[in-house]
Structure formats: C-alpha cells, structure tokens
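K.L.:
For reference, the structure I am asking about is given below.
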Amino acid sequence: MATTNYSMIFIGNLQVAVDRSSLYESSDYSSFVARECLNKDSAMKPYDIFIFEKDEHFSVEDHYTAGNSSNESNTRPSDIFLKKKLVGLNPSILQLNREKRKATLKFSGDNKDILQSTLSSSKNINLSGGLFVSREYENKYVKFGARMRCDLVNRMKDVTLAWHESVSSTSDKNVELSSVENHKIAPKADGPGNSSNESSSSPFDIFLKKKVMRLKPSFLELNREKKKAAKGFSGIVIRPGMVLLKNYLSINNQVMIVNKCRQLGLGEGGFYQPGFQDGGLLHLKMMCLGKNWDCQTRRYGEIRPIDGSVPPRIPVEFSQLVEKAIKESKSLVATNSNETKGGDEIPLLLPDICVVNFYTSTGKLGLHQVSVYDKTSFDFLKYKGGYLNTDKGESKKSLRKGLPIVSFSIGDSAEFLYGDQKDVDKADTLILESGDVLIFGERSRNVFHGVRSIRKILPPRLFFRKQIFNQVV
C-alpha cells in the first residue's frame, strides 16, 4: 500500500485514515464524511477506514459513483479491515475505571456529560479511538467533531470496535511502585524517627498483589499430597548439632504461621526493608518479634530506631512449635548417636526473640553468623513467592551453651547455604521446602549460613486451598 501523506482523523468514535496527497483539497470533504457516516442508508459504514492510493486522483463524489460502474476495481479504495473476526479479551473493571478518569480530565463542561453518558451506556461495547478530534483537525472541524459525539451517543449500540487508550499517559504507570522498595535508610540510627521515608510508608503485605495462573489440581495430585501429609516427617542429622526435620510442619500449622505473620506485619513494628549507613538495603523485608534487631549496630533493643515502633510479642503458638521441634531433634540425635549423652547435642530453648525475614522471588541473604549480641533465633522461610527467615541468638553465655537456631520454611523452596567459612564456593547446600524445620546449635551454633536464591517451586496445593479459606485479615 503506497501512501506518502497518511493521516488519521479521529471523529467521535471513528477513525478515518486518509492520504491527503491523493484527495482534492475540498473544504466540504469532512462534512461529506460526517453526513455519510450518520446516514443509515449510506454505503460508508461508521467503522470503515479507507486508504486512497496516491495515483488515484478523484473526488469523493466520484468514489461513490464509481462503485456502480464497470471500472470499480480500478477506483475502489483499499479497506484495511479484513473480512475476519477479531478475538480479544474484555477490558477489566480496573482498566475501564482508569480510562474513564483519564478521559474525564480531558473534557470539560458539556463534553464531560457526553463522555459519561457514552461510557455508562456501553457496558457491552468495545470502542476504538478517542472521543475527540485529533489536534491536527481540532480547530478546523471542532463543530463537526462535537456533532459526531452527540450523534454517536444514541447510535452506540450499532458500533462494535476494540477499545484502547486514546491518549497515552505515563502518569498512572508509576503509582504502583512500592514506597518500601525505594526508601533510603537514614545514616544515623541512634534515636527513633531518623528515617522520615520509612515512617511514612504504608505497611508491607506479604500477600503479594499479583495473580498466579494455576491449573486446577487433579485428584491424583491431591491424594498424593494428603498421603505425604499423613505419612509424617522424617529426620536427618546433617552434621553434629544440625538436624533437618523434613515435612515437619502440618498444612494447618503453615497456614497459621503465615496468617499470624501477615496480621502482625501490617501493624506497628511490622515488615520493613532494613539497610546500612552507606545506603545499602538488604534484599528482604524484616519484622522483629519480642525485641528489635538493628542491622547497623548489630544489637537488640526494645524499640526500632528507624521509626520508634515497639516490636510485637512472639505468638504463643510459635514458641510451642519451637519447643516441640527441639524435643524431636534431641530424640533423633539420641537415636542416631553412639554416645550415651547424644541427646544433649541440642539444648532446650524457650525463644524470646524472633526475626522474621520475607524474601521475594529475587530475595537473598549473604553468609553470616549470629552475632554475640543476638538473643535467640527463629527462622521462617518464604511464602507464596516470598521467603521468611528469622534469627534468634543469645549472648556470649548463650553461645557457649550452644543454644540453637530454629528455622521454619513456609512457601516456595529456598537454596540454603551453610559452612564453617564465609566462602560461598565452599559452602554446602540444602533445599528447604515448605514445612521443613532446620535446627542448628551446640557445635554448629556458629556456622555461617545464608540464602542463595528462592526457587520457583510452589508449595503444596493443599496449603493454598487452606490458606484461602482460613486466612486472618
């Protein structure tokens, strides 16, 4: 199709495409198009777009009389609307509301009423183009454009085209960026409220605002997961003082932990993104329970210096699960050890500090040891595309006793690193899945540990189903 001076004329809900170099300069052309479009008996349909070839020099009147002559094939314009049905998705309510607000801002006075009337009467109609005349023709055909809008309101049910945004705008595309992700940590942390950005940011919800397209689980898959849950957990002694309890947490307990973490995370002292004095931010969201851990001073305290909030209390259910898991690990160590006092490898612990870390799909945590200022450690691992991790350490006296760190994994699988040296290449790897509990104390108390990556492996479907119906808001 050879057109050299092509332009689009937006007339009401019509788009008339014209090669101006191949038309006679007639001031009555636009009026003729309008009359033809509004004439029910006209051969020119409201949804037609005509492209005139450059070498075809004829008037508009000649075009419509030529269709009845034998030379129709030589003068008939090319129609870019091919004879096939277009299949598309219906716009969402959110998209329609956003476009209504955009369009409303562009109109004023009577035009705004016309627009609202048009949009409200076209629930089942897909529109194409904007309800305005293009800038190029706005001054010349403003009356004609207004007339077309009024007439098309009453004839909207006869028009079936595809809706798209008339005016592109980037103003609405940046409002969904998380203020938590972009905030900067104040260089000092010696008092509350040092970061105005953090204190004013909205609470972070670990239920991420995105839809995950998943197929409905088959009965075979559901039965397999039920059998796995009924089978119970299995214990593995990784190294002296380190025990992995596979599939230890029941689905109900996993749902309970996630819902309580979400509920606490949306309140005072909830999830935030910690950082350092140089402005660097950790690749996770953190919430402290019992006491606050300051990553800059590496000390625990009664308040969070960044905003002065008081950490929530540790739920009783969490402490009960920790105590029960440690007893199971002691029993496992005693069974697998040749030593008569093998069960003393992992001391009993009643946690008083819980650091909950939430990782998204790109989250990670470098190799580190629990500081000598830590009080206790308790790890949750990720949920639904995120990753939760908590550390509970103790003072020097507690470190000498080898009080353990307890890590609960919930959600997607995580690649967990551990080793005696702070060297990623020499570190060993464990894949922690939803429901796993990892405990390391005594001789493994000072082991370096971290999270390399979050794997795109979703937790059991039963977990999702129970979470949907039992979530605490």
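Every residue, even glycine, has its Cβ placed from backbone N, Cα and C.
Look at Swiss-Prot and you will find ASN357, PHE358, TYR359, ARG461, LEU462, PHE463, PHE464, ARG465 tagged as 2-oxoglutarate binding site, backed by similarity to another entry. Positions annotated as Fe cation binding site by Swiss-Prot: HIS368, ASP391, HIS449.
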K.L.:
Out of ASN357, PHE358, TYR359, point to the one nearest HIS368 (Fe cation binding site) in space (Cα versus Cα); all of them are binding-site residues in the record.
P.N.:
ASN357
K.L.:
Hey, what's the Cβ neighbour count for ASN357 (2-oxoglutarate binding site) at 10 Å?
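P.N.:
Total other Cβ atoms inside 10 Å, all chains included: 26.
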K.L.:
If you measure HIS449 (Fe cation binding site) to TYR359 (2-oxoglutarate binding site) at Cα, how many Å is it?
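P.N.:
Answer for this pair: 15 Å between alpha carbons.
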K.L.:
Between HIS368, HIS449, which of the binding-site residues has its C-beta surrounded by the fewest other C-beta atoms within 10 Å?
P.N.:
HIS368
K.L.:
Inside 10 Å of the Cβ of PHE358 (2-oxoglutarate binding site), count up the other Cβ atoms and send me the figure.
P.N.:
26
